[in-house]
Amino acid sequence: MSYFPWLTLIVVFPIFAGCFIFFLPHKGNKVVRWYTMGICLLELLIMTYVFCYHFKLDDPLIQMEDDFQWINVFDFHWRLGIDGLSIGPILLTGFITTLATLAAWPVTRDSRLFHFLMLAMYSGQIGLFSSRDLLLFFMMWELELIPVYLLLSMWGGKKRLYSATKFILYTAGGSIFLLIGVLGMGLYGSNGPTLNFETVANQSYPLGLEILLYFGFLIAFAVKLPIIPLHTWLPDTHGEAHYSTCMLLAGILLKMGAYGLIRINMEFLSHAHSIFSPWLVIVGTIQIIYAALTSLGQRNLKKRIAYSSVSHMGFIIIGIGSLTNTGLNGAILQLLSHGFIGAALFFLGGTSCDRIRLVYLDEMGGISIPMPKIFTMFSSFSMASLALPGMSGFVAELMVFLGIITSQKYLLMTKIIITLVMAIGIILTPIYLLSMLRQMFYGYKLFNLSNSFFVDSGPRELFVSICIFLPVIAIGIYPDLVISLSVDKVQQILSNYYYR
């Protein structure tokens, strides 16, 4: 029976179809939008069909593998495959990118290039999550940089060039460490160089080399995740980017770092991860508090939401460092949960700023009366972000808590201190989110302006918000919807660990 290369189709289709955008009429913005929307919807439908009919939930091994010889000299293969760890981020990518394309409807300047870059990002992200070859993983990682840089520098705010340059310097710097790690891991082997994930997973390294490789990969992933102190590109980037780009950055780009940390550092370098995991837990705990306090001091609405993202990433780092089934499943759930919530907050924040022509919170006030729909949606997603029970964030954070408490890796006193500090972080979250809502939506400040007529959200904004809100509620009520995808894979990853 001949096997159809579904994964190759899913990875290549967006960028291949995106190339034909340049043959569309230069002034036909409407045609470009609908064409891009059609590509994204078709891709999402193919993805859903393939995973529904070809993916087996109870199989922790790699499924739907595509393996083609690409460059003979390097023994370089186009090798793709998915398992319980990668299926969630791939579906999240498809969902958020489709909605980000709809969110980018108002973009009219150079719309052909704008939409092509979004589709190029789409291919790069899915390629990274489904890659089963170290060099292919690196190539897909790099494929992200140029589209994001151009989207920032051409369609950003006043300081777009500064933030785009800062983004490229940070991420390209991290990529150097990733390349060194990939080459070091690929070239070390008794039977010659190998880049195959399956071979690398069974490879044993001297402890010193393993720690060096782990540290190199950690720096690369810490920039993308981001982990403090390598996070300073994120608020500037989010503060200047168009809100559709912010949706892709917050919803998917940050998750690439977390995915890499689990896929490469945890799965392939288990001895080094066992040594580094206490430090990850400490850094994650500090990050929750630090980013929450910094967020509280931000005047810029987008920067406040950006720092809230950094704070929420702390839970993923703690879950990865907990070395428990519950903790790691909680980290993966938080990864997906924040993908939805972060994208929605940036979308609503961006549309609000576009309407009132302000970005500073202390200049806003009283928007809830002229814009009740935006107020309702923004409040709902803020509640989801502060982990209100019944929403996805609550289950994810609770699982990370339980994971660190039940971990056999740490002493009881250590666990109590970490849990207390995390609890303080959870108390700080509603403080900065509710103060943001108060400054934006309450009071009478904007009614004193001469032209104080604002348009509430239209059908497009309402549709995007509801589409994101439904999975947030669904995961909050029935988290097994997502956990069932990764639970067997998590069990397999953690079977390599021993406690020191």
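Counting starts with 1 at the first residue shown.
Just so it is clear, glycine is given a Cβ too, placed from its N, Cα and C backbone atoms.
Taken from Swiss-Prot, the feature transmembrane segment applies to 4-24, 35-55, 87-107, 113-130, 134-154, 167-187, 208-228, 242-262, 305-325, 330-350, 386-406, 416-436 (among others), supported by sequence analysis.
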Tertiary contacts of the transmembrane segment (35-55), as residues 6+ beyond its ends and Cβ separation under 8 Å: 6-7, 9-10, 13-14, 17-18, 20-21, 24, 63-64, 82, 87, 90-91, 94-95, 97-98, 101-102, 115, 118-119, 122
Selected stretch (most C-beta pairs under 8 A with the transmembrane segment (305-325)) from 4-24, 87-107, 134-154, 208-228, 416-436: 416-436
For the transmembrane segment (416-436), distant same-chain residues with Cβ under 8 A (at least six beyond the ends): 281-282, 285, 288-289, 292-293, 295-296, 301, 304-305, 307-308, 311, 314-315, 318, 361, 382, 385-387, 397, 401, 404-405, 410
Between the transmembrane segment (330-350) and the transmembrane segment (113-130), do 3 or more CB pairs sit under 8 angstroms, pairs being 6 or more residues apart? no
At an 8 Å Cβ cut-off, counting only pairs 6 or more apart in sequence, do the transmembrane segment (242-262) and the transmembrane segment (4-24) clear the bar of 3 or more pairs? no
Stretch of maximal Cβ-Cβ contact with the transmembrane segment (330-350) [cut-off: under 8 Å; candidates 4-24, 87-107, 134-154]: 87-107
Quickly jot the same-chain residues contacting the transmembrane segment (134-154) by Cβ under 8 Å, restricted to those at least six beyond its ends, or write none. 74, 76-80, 110, 113-114, 117-118, 120-121, 123-125, 127-128, 160-161, 163-164, 167-168, 171-172, 175, 178-179, 182, 185-186, 195-197, 200, 220, 237, 240-242, 245, 248-249, 253, 256, 260, 264
State the residues, same chain only, that lie 6 or more residues beyond the ends of the transmembrane segment (208-228) and have a CB under 8 A from a CB inside it; answer 'none' if no residue qualifies. 141, 170-171, 173-175, 177-178, 180-181, 184-185, 188, 234, 253-254, 256-258, 260-261, 264-265, 269, 271-273, 275-276, 283-284, 286-287, 290-291, 310, 313, 316-317
In the same chain, residues at least 6 away from the ends of the transmembrane segment (87-107) whose Cβ sits under 8 Å of its Cβ atoms read 10, 33, 36-37, 40-41, 43-44, 47-48, 51, 55, 114-115, 118, 121-122, 125-126, 129-130, 155, 242-245, 247-248, 251-252, 255, 259, 332, 335-336, 339-340, 343, 347, 350, 354, 460, 463-464, 467-468, 471, 482, 485-486
